[in-house]
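Working notes, beginning with the structure itself.
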Amino acid sequence: MNSFKLLLLAVICSIAIDPVLHAQTTAIPIETKNVAIVLQTDKNNHLKIVHTGRALASATDYETAAAAYRLTSQGANLNNAAYTVAGINNNFVEPAIAVVHADGNNSLDLVYEKQRMTTTPEGATLTVVTLKDAVYPFYVDLCFKAWKNEDVIEQWTEIRHTEKGKVTLNKYASANVYLFDDRFYLTSYNGNWAKEMQPELTQLKQGMHTIESRLGTRENLIGTQNFMLAMDQPATETTGTVLMGQLAWNGNYSIQFETDTYKKMHLVAGINPWQSAYELKPGSRFETPKFIYTISFNGTGTGSRNLQRWLRNYQLLDGKGERLTLLNNWEATYFNFDQNKLVDLFKGAKDLGVDLFLLDDGWFGNKYPRNSDNAGLGDWQENKKKLPDGIPYLVNEAGKQGIKFGIWIEPEMVNPKSELYEKHLDWVLREEKRPEIYFRNQMVLDLTNPEAQDFVFGVVDNLFKKNPSLAFIKWDCNAPIFNGHSKYLEKNKLPQSHLYVEYTRGLEKVLQRIRAKYPKVPMMLCSGGGGRTDYTLLKYFTEFWLSDDTDPLERVFIQWNYSYYYPAIAMCNHVTEWGKQPLKYRVDVASMGKLGFDIKANDLKPEDKAFCQQAIKNYNGFKDIVWHGDLYRLKNPYENDMASLMFVNKERTKSVVFNYLTNWRYVGDAALDPVKLQGLDPAKKYKIKELNVYGNQKPGFDESKVYSGDYLMNIGFNPNINLRRPSVVLSVEAL
Ligand code: GLA
């Protein structure tokens, strides 16, 4: 069929389906308080993005936005399509979707069919725009959930068809975005074990830049799906236009930034199509993960507060609630403990004043005891030698000390040296014709298999059935998918290319079951450090482990970088023996989130113990501001010899300011300048006190002085950071 006939057919089909077709200039604005994404059909009924940026005062002004740009070059007039397709020859930019139809044809031409807008129970605006292939009964619903007050947009697609057989989806992105600026500066993150979230700034000038994962799970071990893209010029904390967000998917992701012929940005975000062609049966629907982002016109500070608020209000489990301080035994004992040693540690926890004791790895396995990381994973029965009276005894003993008890599990994994491996080899992801490949001596269970899902659910369920007062779970995940072959998919004659998608869905099904039965109990999302932090999993977890790197100097940087995308209430920071900084520095850094300890509490020197006890009391005094207040990053350690961050409560009456020396060189100039505070009320008067002062040292300034908010935000306050005072915590309170 020639292209004219095809076009005619498209028009006729569309008229038959929806008479709205001829409202060709109808703009569809997706709006929050400050941001608008505007879609509009062109004369061929292709849906395009005609504006991405500030919301306009009058919605009718959007109607003429398309005409403001001349993006009409032959071969490039669909670059700003709302969902770019593969297989029609007038689109040459990266497709968001590529399919092979039931009849083997691999073209796609999506035209606008209809739209509907509703308000969700939580108050977001949901816009669903249906596109249909001009020839085939193949549909894509473009979904936009706009959160007005937080300026956050969630974008995803639902793909369906009623063709005569299966359609193969070779690519199925969640969204594409088109940005109309001319210069783009991407911050993406390199990573590795103990080096998570290392930022890299790249000016994107021409061609394609991709951030992606192929690890299968614990998706952000060597990179993350978080990014920020500044427009026109690099953004600062308080200036510049910047899009910040992530693909919320615990699996292979791909975020592509294509600078096109107009030097504009075509961004495609979705599941990584690598090894993942997906067969979609007629009548079924494929829902893609959410691409979640905000756009700030006042720099990264506003952008991150938008994301943090949104997470606390709508995504993170119990985001508005409380958290528990804890003592963890991982670095205090590693695998070397028994129940007497643990009970002894409970005393240390009680003495410190934390809420909970967290028993880490090493408590399970009998035929193959878990005495190192090479055996036992999968055998979730208490090791009889170490714990003859089982977990119930420990929960009970902790209770006697007046503290809660939590436990570590890694239920998606298996050591080849385990009874689970011996009994259920078909639950293990492995290439049976090839030698097994191990990561930390372990392999991944096949969560595409409902029986393996039941097993993983059972690990948690059994713990709670036997220990109803178990108060916390640390859920670890220490291996990517190295041996990507599923016996279950093979037996059920399903393509292996479904593995990565179905693994992620299988895990989510398990977590949904856990939360249906145990909705509240706090769970930490951990993955050999910070290998897993996507927003979807945070619906099931109250907090996450940022990195095994607890060196406090490194943590200043790691926590700084995570803070662009996550609220402090979700970030687990533990005081450990890592690093050379004094105990006070370590405690101060760990207090900027969810405070925990992983030290030999019983062996602390008296003055160190007294300091920790007082610091925990102080933390209990200001934790509400850290957990639920607004974060302002005041001094960037990448640009200064110090870092400074502050949290302010909603009423702008109470604030806590953390300051750290980050350069120990004699010529460093940390102490020179005052730190300009933010987020205060200029008209209010404030007093400043120093918290967490070690031993019998004195506060480093006169605490009786009164300052106006105006003064503190424009002149600032000098915390007097220097080699002798490498970390200073300030409480700023209105009179
Ligand atoms: C991972 C976690 C650590 C600890 C160990 C236990 O590395 O990140 O915190 O739980 O596993 O094996």
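Sequential numbering from 1, following the chain as shown.
Cβ from N, Cα, C; glycine included.
Annotations in TrEMBL come from automatic prediction, not curation.
Residues or ranges marked as active site, proton donor by TrEMBL: Asp548. Look at TrEMBL and you will find Trp193, Asp360, Asp361, Arg440, Lys474, Trp475, Asp476, Cys477, Asn478, Cys526, Asp548 tagged as substrate binding site. The domain 'Glycosyl hydrolase family 36 N-terminal' feature in TrEMBL is assigned to 45-281. Positions annotated as signal peptide by TrEMBL: 1-23.
Taking the features listed in TrEMBL, we show where each one sits on the structure.
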residue	record	DSSP class
Trp193	substrate binding site	coil
Asp361	substrate binding site	coil
Lys474	substrate binding site	strand
Asp548	active site, proton donor	coil
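Here the residue listed as 'active site, proton donor' is positioned 7 angstrom away from Trp193 (substrate binding site), judged by their C-alpha atoms. Around Asp361 (substrate binding site), the same-chain residues at least 6 positions away in sequence with a Cβ under 8 Å from its Cβ are Trp330, Phe335, Arg370, Asp373, Trp408, Glu410, Asp476. Trp193 (substrate binding site): 16 other CB atoms within 10 A of its CB, across all protein chains. The number of other CB atoms found within 10 A of the CB of Asp548 (active site, proton donor), across every protein chain shown, is 20. Rounded to a whole number, the C-alpha distance linking Asn478 (substrate binding site) with Asp548 (active site, proton donor) is 12 angstrom. In this structure the residues listed as binding substrate are Trp193, Asp360, Asp361, Arg440, Lys474, Trp475, Asp476, Cys477, Asn478, Cys526, Asp548; their two most distant Cα atoms lie 19 Å apart.
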